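First the structure, in the form of structure tokens, and then the observations on it.
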Amino acid sequence: MSMVDEPLYPIAVLIDELKNDDIQLRLNSIRKLSTIARALGEERTRKELIPFLSENNDDDDEVLLAMAEELGVFIPYVGGLEYAHVLLPPLETLCTVEETCVRDKAVESLCRIGSQMRETDLVDWFIPLVKRLAAGEWFTARVSACGLFHIAYPSASEMLKAELRTIYSHLCQDDMPMVRRSASTNLGKFAATVEPAHLKTEIMQIFEDLTQDDQDSVRLLAVEGCAALGKLLEPQDCIAHILPVIVIFSQDKSWRVRYMVANQLYELCEAVGPEPTKTDLVPAYVRLLRDNEAEVRIAAAGKVTKFSRILSPELAVQHILPCVKELSSDSSQHVRSALASVIMGMAPVLGKDSTIDQLLPIFLSLLKDEFPDVRLNIISKLDQVNQVIGIDLLSQSLLPAIVELAEDRHWRVRLAIIEYIPLLASQLGVGFFDDKLGALCMQWLQDKVYSIREAAANNLKRLAEEFGPDWAMQHIVPQVLEMVNNPHYLYRMTILSAISLLAPVMGSEITCSKLLPVVVTLAKDRVANIRFNVAKVLQSFIPIVDQSVMEKTVRPCLVELAEDPDVDVRYFSKQALEAIDQVMMST
Amino acid sequence: MDDVAMAPEGLEWKFSQVFGERAAGEEVQEVDIISAIEFDKNGDHLATGDRGGRVVLFERTDKIDGGVHRRVLEAMDCSSSQHPEFHYKTEFQSHEPEFDYLKSLEIEEKINKIRWCQTANNAMFLLSTNDKTIKFWKVQEKKIKKVCNFNLDPPKPTINGFVTTSNAPTSFKTCFTNGGSNDNPLNFRNNNVSLRGLTSLHLPTVTSHETSLLARCRKTYAHAHDYHINSISNNSDCETFISADDLRINLWNLEISSQSFNIVDKKPANMEDLTEVITSAEFHPSHCNMLAYSSSKGSIRLIDLRQSALCDTHSKLFEEHEAPGSKSFFSDIISSISDIKFSKGGRYILSRDYMTLKMWDINMGSGPVATFQVHEHLRPKLCDLYENDAIFDKFECCLSGDGQRVATGSYSHLFRVFGCSEGSTEATTLEATKNPTRRQVQTPPRFLRSPGGSDDVNGNSFDLTTKLLHLAWHPSENSIACAASNSLYMYYA
């Protein structure tokens, strides 16, 4: 075997596998296209590999997708920027396939290549490609064309620019809704490259046509265009051209369009600036908050805080707050839930007095909501309101809400409230917690659902971290250790896991004096599962307890377990013993 | 119907083609019975689905290329009157029988509906559905490729037990990274090839001469229906479609099969309160926000998707109130609508109930603008029809592209064509055989001669087993495709 052959072999295999029957092998070869290209050299890559790939356009979509992606970073392998244009033909074919994700990737790669190409090359190669695609027989080519204009346009001559603008406006009036949707989606990007003079005239005309399209799906995408175009225009033009469109959209007969406005409203406000927001968009927003369609109200309710932030507190109190009150008793639970997830954030915006006067009653009513998600959403954001008015005003209503959630029949709800207990504890303080919530935390350890017991054990650890070992020694450890005699082994198991979680927080002394004896007792449990978990817990104690205790208590216990009749118990105790030996050796 | 000009003359229907014709005495296999027929948008293709879960595609052959076509015609010495002619193109297995283990329910493979989607790059796309699962198919001509001139010899089974499997090249690689070993049987081959000089690399040569049609399932929209799907319909936005079952209508995005939105939910809180089910649903041909659905109580509801996300309240209701005196035990059953179709422009809706075809103007809710009796001679026999369940047969209906005529099926493989333009009295009865007009004249009187009798049901005059449920009108020409059990008959006028 000659030395030259060796590196060629794997390459030869890769090349052959480009045409293998097995799709996985073809994919693999395409992924290593750069390796093949390096072996062939730049010239042969240009003259053989790329044309070869151009013909490979009826492969499976997965292969085409991979090819579209690889070609996007292929410039170095064809000889640098000078030859970048040779990559365009295969990508052009990929821009016309039926599968959307392949086309999108091909467009992305073309944009990536185009943005690096020299200006003259763009004029010679890229712009003709865009024009060809835009005039494509099938809609697939025209859809792809829309995403390439912003790369082609800047380097075109004046005449070509005018032509490109005309072509784009034709695409916006295409018979196929898919093409109009693509044109609508890409309008913002294209507009950003167009000169201000044309922006105001031609692009705005295109935009206006799109906003009046028959197809809801096209108008929907035009809403997004509002924000993008608004940022490009001078403020006065934005107010003159974009603002009216937004206001009309906010009253569109299709709820989906109004939903988009509600979702995009913050960006739209940024686009038009603070003054028009106050005069024109506040009424529009208020309408959306009172929309007939629940979906629209959900979207609008979710933006209450963000929107209030850009208004003055007076305006927010005057216009937004009345709507918020209505929404807090909305007929749709999802609306109330969306509101509950953001409304706490309004407290800092409105300030202390308004929060107490206006928001507090709403918080309280949402805390009593029949739908658990609403209550949970309020509780999850408690810290935001605590900063403004303190927790005392809320605590009276909070407790019943928490207790009810803690006992909810859906375990996911119980799980969610457990997650928030450390947050509540930190906000409410030790005193409140001791009185009211301590018992709940213990109760969860005996829940019927494993996930709840697991979360409860974890919760104890987080509480110990929050309030410190001394507090935990008083309020958690005794209660936990009491439960170790539960007749059901699954509950004993929970206690065992709680002990192993608490040990690192409590420190060596308490672990040795309080926790370890209990664990050692459990080593005599009649259930094997408990015994091998004892072995695991003892292993986890290694870094915590000191050597003397280790030798005196832990090791004998493990040695005994290593003789257990149960195979798993023996296995885990031997592992633990090995771990001890290792630590001993290293010290 | 849109123009009030002269009523067109009655058409003279002629037999054009038959696919899957039954030989005399041949027994029909259950799986071969056609259960769905659909022309594509421009009428160049026709798809049928059957109870065996297969979809068969036919392609129009009579207008391939002007020049060639004329020559063919001359050679065949055909008459100059041109009518659509189709040939078998391909078929594929769309659905397989399944078993729902959670509900202990068998899911039949029978195709309930087929809908054509937007063509792209000469590939055909269609949706097909059985009771539960909708599938999106792409049918495309694929080149059959011959690849030769590999760098390495194409692995042959003869060399060292090498089989043409995909892992062969991989073993090459491992062989090399390990430096190769002398006992390795591959080594011989390696040396061999390297002697013949793998000093250069080249790309394989691909040649392709033939093409073959390949159907691939692109998307499967499943697990969204608790009841049996009765309709699917594409939206004019080419992005979404609906699927309707007995109680719900769901909205899908063609590209997303993992979720759908429920837009109509008729399920009562207590199933005992159920009085009405959805029987058919269709999108308006051009207004993306409008769709119509029919119910078992004989009403058609028009809903506007713009109004709200869940469209339980309709924007328009079409129903005809029966005169109080004429109500009978069967009134409710026979008023159930089995199929609705929008006219091409979307202004009219055609509906079929057990005894009649009705044409509705969507601007007029008070009653149908026209009613056609399909098989009035069966009215005295409703009791028998009820007893053998025939009264629950679901007949489809269709409109001609110009909206001037409507058609629907009946029993004994008969179907009827009515003129629905103003003043038209056209009412033709045709039989799905090679001689469609054979029984046109004599059948109605014969039915009349046997009033009320239930025993005189003989295969010749009144055959309930040979029902013609499915038929479709070509979108632009006077041509009808209809299914007589396992045979597809085509007629033209």
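Here the Cβ of each residue, glycine as well, is placed from N, Cα and C on the backbone.
As annotated by TrEMBL, repeat 'HEAT' applies to A:10-48 (among others). Same-chain residues lying 6 or more positions outside the repeat 'HEAT' (A:10-48) and placing a CB less than 8 Å from one of its CB atoms are 56, 59-60, 62-63, 66-67, 70-71, 73-74, 77-79, 83, 86.
Same-chain residues lying 6+ beyond the ends of the repeat 'HEAT' (A:164-202) with a Cβ under 8 Å from its Cβ atoms: 127, 130-131, 134-135, 139, 142-147, 149-150, 152-154, 156, 209-210, 213, 215, 217-218, 221-222, 224-225, 227-229, 232-234, 237, 241. If you look up TrEMBL, you'll see A:164-202 (among others) marked as repeat 'HEAT'.
Mean model confidence for the repeat 'HEAT' (A:203-241) is a pLDDT of 90. The repeat 'HEAT' feature in TrEMBL is assigned to A:203-241 (among others).
Feature annotation from TrEMBL assigns repeat 'HEAT' to A:242-280 (among others). Away from its own ends, the repeat 'HEAT' (A:242-280) comes close to residues 207-208, 211, 216, 219-220, 222-224, 226-227, 229-231, 233, 235, 287-288, 291-293, 295-296, 299-300, 303, 306-307, 310-312, 315 of its chain (Cβ-Cβ under 8 Å, at least six residues beyond either end).
Remote same-chain partners of the repeat 'HEAT' (A:281-319), defined as residues 6 or more beyond its termini with a Cβ less than 8 Å from a stretch Cβ, comprise 243, 246-247, 250-251, 255, 258-259, 261-263, 265-266, 268-269, 272, 274, 326-327, 330-332, 334-335, 338-339, 341-343, 345-346, 349-351, 354, 358. Feature annotation from TrEMBL assigns repeat 'HEAT' to A:281-319 (among others).
Here TrEMBL flags A:320-358 (among others) as repeat 'HEAT'. Break the repeat 'HEAT' (A:320-358) down by DSSP state and the numbers are 32 helix, 0 strand, 7 coil.
Within its own chain, the repeat 'HEAT' (A:359-397) has Cβ neighbours under 8 Å at 321, 324-325, 328-329, 333, 336-337, 339-348, 350-352, 404-405, 408, 410, 413, 416-417, 420, 423-424, 427-429, 432, counting only residues six or more beyond its boundaries. For A:359-397 (among others), the entry in TrEMBL reads repeat 'HEAT'.
Annotation comment: TrEMBL describes A:398-436 (among others) as repeat 'HEAT'.
TrEMBL lists A:437-475 (among others) with the feature repeat 'HEAT'. Residues 402-403, 406, 411, 414-415, 418-419, 421-422, 424-426, 428, 430, 483, 486, 490-491, 494-495, 497-498, 501-502, 505-507, 510, 514 of the same chain lie 6 or more positions beyond the ends of the repeat 'HEAT' (A:437-475) yet place their CB under 8 Å from a CB of it.
Per TrEMBL, the feature repeat 'HEAT' maps to A:476-514 (among others). Packing against the repeat 'HEAT' (A:476-514) from elsewhere in the chain are residues 438, 441-442, 445-446, 450, 453-454, 456-458, 460-461, 463-465, 469, 521-522, 525, 527, 529-530, 533-534, 536-537, 540-541, 543-546, 549: each is 6 or more residues past its ends and has a CB under 8 Å from a CB in it.
If you look up TrEMBL, you'll see A:515-553 (among others) marked as repeat 'HEAT'.
The feature repeat 'HEAT' is assigned by TrEMBL to A:554-587 (among others). Tertiary neighbourhood of the repeat 'HEAT' (A:554-587): same-chain residues 516, 520, 523, 528, 531-536, 538-539, 541-542, 545, 547, selected by CB-CB distance under 8 Å and a gap of 6+ residues from either end.
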Residues of the repeat 'HEAT' (A:398-436) by DSSP state, where helix covers H, G and I: 34 helix, 0 strand, 5 coil
Outside the repeat 'HEAT' (A:320-358), six or more residues from its ends: residues with CB under 8 Å to it: 282, 285-286, 289-290, 294, 297-299, 301-309, 311, 313, 365-366, 369-371, 373-375, 377-378, 380-382, 384-385, 387-389, 393
